[in-house]
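Asker: The structure that follows is given in the form of structure tokens.
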Amino acid sequence: MEDIIYITGHKNPDTDSICSAIAYSELKNKLGFNTVPGRLGNISRETEFALNYFKANAPKLLENLSSNQDIIIVDHNERAQSVDNLEDLHLLEIIDHHRIADIQTSYPIFFRNEPVGCSSTIIGSMYFEKGIEPSKRAAGLMCSAIISDTLLFRSPTTTARDKEVLKKLAKIADIDPEKYASEMFKAGTSLKGKTVEEIFNSDYKAFNLGDKKIGVSQVTTMDIEGFDEYKKDMLAYMNKKVKDENFNAVLLLLTDIIKEGSLIIATGENTDLVNKAFNVELKDNAVYVPGILSRKKQVIPPLTSAIEGK
């Protein structure tokens, strides 16, 4: 068993997944542990902007981890989103802000899960609880994660804690959250030069909801109309994913952070779940739903209820 403890977020990592791993690794190392941040996929343009802005290296891409390797996971607690051989590893901790899912251990672990808008909000709180000041780099990355996950407090997942922690971290990082958010979102929402596969997998998660296997990708944009040229190829890619990976439905949320709503594109034999969950009617595999900003709070719960017949 290696001496190192790897800390990683979920597959198809978003900004919170990457930044939380880096920030929590710094905290654990300051507490005397030997940790290394990792990742389970490519980095998005938004995350790349944050890393470059705060002069941080991308975490190590984790592949083929040996049995009993010590690991801490952040920003998820769902097996389908985690390391492929998680059951062979030695899971030490989980830090997360999502629903309690299906990861199990045969021994007790430290598991901190809170109903806040971002995992970095929890990790930032842990710094302050322990009286440890994060570096400017770690503070900036946690700010980036909170801004990203809460859409700068536009998302309904936002809590008072998110606002409080961001305010403290922004002082350490020496940034104006509004100005920085505008720059980060602008960098992150550009689709120019991307393939449909890159767009879809920039923030994609698989869920087992009741007896259904559902895939949900979310792409933040400032221009939904600009996606039209990608739609045909995107539907072909999503249909292939449904067939190859036995999904009941695959969804893409194109979330407009200015208009505060999402265009939902859906494929698969159970796309009727979208109609039922949101009281809408898909037309040509798509429907715009005002007010939908959060996959976690506004998409997964109604889909679950639709599946369960509630």
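Heads up, the Cβ atoms here are built off N, Cα and C, so glycines get one too.
Straight out of Swiss-Prot:
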BINDING   H10, D14, D75  Mn(2+) 1 binding site
BINDING   D16, D75, H97, D149  Mn(2+) 2 binding site
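In terms of burial and nearby residues, how do these features look in this structure?
Answerer: The 10 Å shell around the Cβ of D75 (Mn(2+) 1 binding site) contains 30 further Cβ atoms across the protein chains shown.
Note: D16 (Mn(2+) 2 binding site) has non-local neighbours G9, D75, C118, S119, S120, A145, I146, S148, D149, i.e. same-chain residues 6+ apart with C-beta under 8 A of its own C-beta. In the three-state DSSP reading, D16 (Mn(2+) 2 binding site) counts as helix.
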Asker: Counting every protein chain present, what is the number of Cβ atoms, excluding its own, within 10 Å of the Cβ of D149 (Mn(2+) 2 binding site)?
Answerer: 28
Asker: What number of additional C-beta atoms lies within 10 angstroms of the C-beta atom of H10 (Mn(2+) 1 binding site)?
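Answerer: By my count, 27.
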Asker: Rounded to the nearest Å, what's the C-alpha distance separating H10 (Mn(2+) 1 binding site) and H97 (Mn(2+) 2 binding site)? Just drop the number here, would you?
Answerer: 13
